[in-house]
Amino acid sequence: MASNLFSMITVFLLCAAVVESGIGVNWGTVALHRHVAVGNEPFLTSYSGQYQSYVFPALTNLQRSLAKANLARRVKLVVPCNADAYVSSLPSQGAFRPELAQIMTQIVSFLSSNGSPFIINIYPFFSLYGNSDFPQDYAFFEGTTHPVVDGPNIYYNAFDGNFDTLLAALSKIGYGHMPIVIGEVGWPTDGALSANLSAAKLFNQGLVNRVLSKTGTPLRPGVPPMDIYLFGLLDEEAKSVLPGNFERHWGIFFFDGQAKYSLNLGSGLLKNAKNVHYLPSRWCVANPTRDLAGVANHFRLACSFADCTTLNYGGSCNGIGEKGNISYAFNSYYQLQKQNPRTCEFDGLGMVTSHDPSVGDCRFLVGVTDGKSLGFRSNSGKIISSLIIFWGICTFLV
């Protein structure tokens, strides 16, 4: 705990110093803005309250540090929360979970007194993924045959319903006019039946159009969230898959900087990275002349380093057959190792081919060479003010 706290304070001071300098910084794929997040979704029900007692003391301690550094007016502390922090059967009945009522009142009061917004992460995908009875069209923005009627208000999509549930919860503790930022929202492109390129494009484009229309929601009409952070920029091949295999596939760009699908941000389409240098067009596949009976350990080895989540149920490569699965695992590992010939041996069970083994939507990738970092921007070079790509807040885990 002491070493973690030391690391947290060190990074906090670094972030504060960079903000003070006025220098725009890209932390890998994280753009630094003038908010500092104390934890990320610290009140998840799956945490069973283990971080609950740390959050408010951390807020007050860091606020004192900001004040001493004369940064309190420029840098605002926030606590991004997951939508499971509040519950309701209807948006107007929204309330924070009973065990969070006191701590949320303290936190929201702190945020309000210091001019910070309330940051919420909203994922309609999870509602669809976790509930087979959830109306699929309600997860998107194209209209639904299953609207939610809440007194005089009618909800045609899950995002608006979720947002207004939060507004109702904030109103119940006296902060109904709190500014709200959507810290994370998006749709995965692989790893589950409902996670694919067409669904991700439909959701994200619908979200952008909704923001641009400035429609707002029934409880806050004509007033969209002050900022929306679309999650995420790139896939994360080493991310935990405990919630589901889709967790590694939230990116709107492939690993090589090419847009997964066209997405119009209002100021132009996503623009692909230029001058990407690929490895030679060759792949590692299962040797068709060899008996693959002893391949299990090699398969596990390859997938322990490379990402094989697309092979599982619901993935884009599920159903390509046993040899296809082996080839996909072998090739993923081979590309990760920069096509080192020895990494395609697998005791003679692998072989290198110049024939692309991709099948339908299942892409067998070719890696990129080490080089200059890739850059991403929209065609106009400017992202609309209400929609900021990826996560623009320096995050600390308490």
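From the backbone N, Cα and C atoms, a Cβ is placed for every residue, glycine too.
Over in TrEMBL, the protein carries these features:
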type   : residues : note
SIGNAL : 1-21     : signal peptide
DOMAIN : 282-364  : domain 'X8'
The mean pLDDT across the domain 'X8' (282-364) is 97
Reduced to three DSSP states, the domain 'X8' (282-364) has 35 helix, 10 strand, 38 coil
